[in-house]
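Student: According to TrEMBL, the protein has these features:
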- 1-51: domain 'CS' (DOMAIN)
- 106-131: transmembrane segment (TRANSMEM)
- 200-220: transmembrane segment (TRANSMEM)
- 241-260: transmembrane segment (TRANSMEM)
- 280-299: transmembrane segment (TRANSMEM)
């Protein structure tokens, strides 16, 4: 090699005749400080010395930070074997779940049924509006039964998290399931005046689009399959859809407050001498604040999930 040394720019070379055969192609790596050349033995065994000549060349010096003699190597190998045996013992002590396949089958079927249900809702609404030219106003009467089924079945997500079938945190599941079912059953289901409003279309449409990617992603995860485009859609589409869905739900609440105030539905009258009536419309105003807090909780949870699944992977240090 050509380099600058004590005698200036010169051609530097050296020869080493190893004790036993080595691989003909060494691995070279140039750094700012030095040139590293790694030479591999042809056979992995211990040498008495490095070179054929018994006396070590003057220009050679051992790197004691990387030095390993035969006794040290045997000890290191022994420790690795013991670690491997201990790991196998620990794994053997962990009882195998006899219902593992049954649980997996249940989760696959649950996510499949929900995916098919929300797919039917999405396709039906899309065809009716953009192909048949139907209006926004009959969405509830044509879609409500399937939405009732899917959202009632969604209570299983809370149970799955409670009993440990899935690793999803409980609070985001509770917030989403109870929030949606409150809108569906209490606000829309109990007020006929709300069922013909255009906001129903947007609520159902945003809900269905979100689930078109969420449920198939979970279904494939149950059987150990990851499809990268689906993973990206699962952890990206919620960015516009969750705020839009929350906004649509808020509009629905605001539109229902005057109706609940006029009808007095679900209002609670306390007995005398208090003679006070708690208006359900007032509770809806409080729920409106809780709605945006719930959107924030789910938004933060999904943002963390997105960083975990789509963020830069940490490189393992060798």
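The backbone N, Cα and C atoms fix where each Cβ goes, glycine too.
Because TrEMBL annotations are produced automatically, they should be read as predictions rather than curated entries.
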Student: Which of 106-131, 200-220, 280-299 has the most Cβ pairs closer than 8 Å to the transmembrane segment (241-260)?
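Tutor: Answer is 280-299, with the largest number of Cβ pairs below 8 Å.
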Student: By DSSP, what is the split of the domain 'CS' (1-51) into helix, strand and coil residues?
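Tutor: Its residues divide into 0 helix, 20 strand, 31 coil.
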Student: Using Cβ atoms and a strict cutoff of less than 8 Å, what residues sit near the transmembrane segment (200-220) while being 6 or more residues removed from its termini?
Tutor: 107-108, 111-112, 114-115, 118-119, 121-122, 125, 129, 136, 139-140, 143, 147, 150, 180, 183, 188, 194, 226-227, 230-231, 233-234, 237-238, 241-242, 244-245, 248-249, 252
Student: Quick test of the contact rule: Cβ under 8 Å, at least six residues beyond the ends. What residues does that give for the transmembrane segment (280-299)?
Tutor: 171-172, 175-176, 179, 182, 242-243, 246, 249-250, 253-254, 256-258, 260-261, 264-268
Student: Take the domain 'CS' (1-51) and average the pLDDT across it for me.
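Tutor: Looking only at the domain 'CS' (1-51), pLDDT averages out to 82.
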